[in-house]
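J.: From TrEMBL, for reference:
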type     : residues                       : note
DOMAIN   : 278-448                        : domain 'DNA primase large subunit C-terminal'
BINDING  : Cys287, Cys367, Cys384, Cys424 : [4Fe-4S] cluster binding site
COMPBIAS : 466-480                        : compositional bias 'Polar residues'
REGION   : 466-507                        : region 'Disordered'
COMPBIAS : 481-494                        : compositional bias 'Low complexity'
COMPBIAS : 495-507                        : compositional bias 'Acidic residues'
Amino acid sequence: MEFSSRVRQKHARLAGDRREQYPHSLQFYLEPPTESISLVEFESFAIDRLKLLKVIENLGVSYVRSTDSYKTKLENELRKLKFPYRALAEDDYEARRKDHISHFILRLAYCQSEDLRRWFLQQEMDLFRYRFNELTESLMQKFLEYVNLSFEAIGEDLKNELANELCASTPGFSLLKVKEQMFYKVGLADAVDLFRARRVFIKDGFAYVPFKEIDVIVLNNYRTKLSKALALTARSLPSIQSDERLQPLLSHLSHSYVGPDYSVQKNTGKISLEQIDALSVKSFPLCMRQLHRALRDSHHLRHGGRMQYGLFLKGIGLTLEQALEFWKKEFIRGKVDADKFDKGYAYSIRHNYGKEGKRTDYTPYSCMKIIMSNPPSQGDYHGCPFRHSDPELLKQKLQSYKIPPSGINQILELVKGMHYQLACQKYFELTHDVDDIGFSLNHPNQYFTESQKLLSGGRELKKEINNSGNFQQKNSQENINSSSTPTSSNATADTELEGLEAYFTED
């Protein structure tokens, strides 16, 4: 009995310590974690949070943030990755600990450039906004006190005195609603956004903010603190990068792809070289379609293009023997003779398949790797067209592929907002005539696989079947017009594709 009593007392103390360490599942991340964790846990926490932020980015473009669809999908992701999703609803110490530690790990990884900082700040802001707006009024009040943002609530006498002004200055408020709603007296500097939008009453240097608008002030405060923290973290990077354990992990995280690596494909050897022209039109992402077209036109690609396109072809199922034949046939149509190809280019192809050098079996490039590394220069065709192409040239390319003007405008808006992978998702939707692809696109080989599943009926179309038929007919016509060096007729290629598309629906 005494032993059981001591155990209960110990557990009670631990629970108390935990509640004291993370009294709220929502925080400003002002204090970095001080505990020791393993490198395995370090990487696991970081990857899970990166997955979460990627989902937030995708949802933010696909859905209006305040809608039920947005909230439901985000809550499901928080549940799945074991992050806090109902603030103060339960004793979720492990989830709060993971949330705290993972934020600071990604802060280290994403402070290294202006683009990375901007992306991280935006996704963390969206996550915080969702969590804060899920709080009840009483929990919001407790959180404001916790982060020292306890603004002065005005008394009933003053509220009644200013009722007409508050009603006129606060959109959507009637006199009855003014009397029911709590108002706060906030310094004008903290309410600049509300003042600019003419959403609050201003008097004597103070804004009178209704409780429902307090999230704008809290979010601005959080943005300011996190932005400064990222800048300070960037200054500390040299000392952190000297740690041989952390530097490779942090460098990897900022360019990280967290899905399948497509190094082993069940369709290896199932694709013939005669199918590639037709596949490039129907199922290649824009980056690979561009490389294929450049290879067919000039019969050559520079090293960056050969690596990006060669590993993609390996990922969709080309064997080593097929790859050697494919590249050799195309190169000898240009200025490279067979002997020069065998001596100068065949080795690197065998190397990519793990048959030369260190025998490393190289994996196809992910979207992040293509976007973030080795930008193309004059005469190169590799890279991400949404990231590396001039907007006007991109527009012309999309027009040549018969993308409708409204679709082109949507893609260019996403590109302008630096949402390059989401622009590629929109390209997928437009070329496959679907409203919502239902997944986050992170890899060129994922694009190919999902395209084949959809075209063969493995995924449910969002529009009418006759629209899909029109799409396939349109692309078949485009293939006839654009493939200047086909290795077989389009009719033969389409017949062969039927068997390949059926294959992608197998388990």
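Any Cβ shown, glycine's included, is placed from N, Cα and C.
Can you tell me where each of these features sits in the structure?
T.: Sequence-distant neighbours of Cys287 ([4Fe-4S] cluster binding site) (same chain, six or more apart, CB under 8 Å from its CB) are Gln308, Ile370, His382, Gly383, Cys384, Pro385, Pro444, listed in sequence order.
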J.: Are there any residues at least 6 positions away along the chain from Cys424 ([4Fe-4S] cluster binding site) with a Cβ closer than 8 Å to its Cβ? List them or say none.
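T.: For Cys424 ([4Fe-4S] cluster binding site), the qualifying residues are Pro285, Leu286, Cys367, Cys384, Phe386, Leu441, Tyr447.
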J.: So what's the mean pLDDT when you look at the domain 'DNA primase large subunit C-terminal' (278-448)?
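T.: Mean pLDDT, the domain 'DNA primase large subunit C-terminal' (278-448): 92.
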J.: Around Cys384 ([4Fe-4S] cluster binding site), how many other C-beta atoms are within 10 angstroms of its C-beta?
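T.: Around the Cβ of Cys384 ([4Fe-4S] cluster binding site), 27 other Cβ atoms lie within 10 Å.
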J.: Can you list, in sequence order, the residues of the same chain other than Cys287, Cys367, Cys384, Cys424 whose CB lies within 8 Å of the CB centroid of the [4Fe-4S] cluster site?
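T.: For the [4Fe-4S] cluster site, the extra neighbours are Pro285, Leu286, Ile370, Ile371, Pro385, Phe386, Arg387, Tyr420, Gln421, Pro444.
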J.: Suppose we draw a 10 Å sphere around the Cβ of Cys367 ([4Fe-4S] cluster binding site). How many other Cβ atoms does it contain, all chains included?
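T.: Cβ-Cβ neighbours of Cys367 ([4Fe-4S] cluster binding site) within 10 Å number 23.
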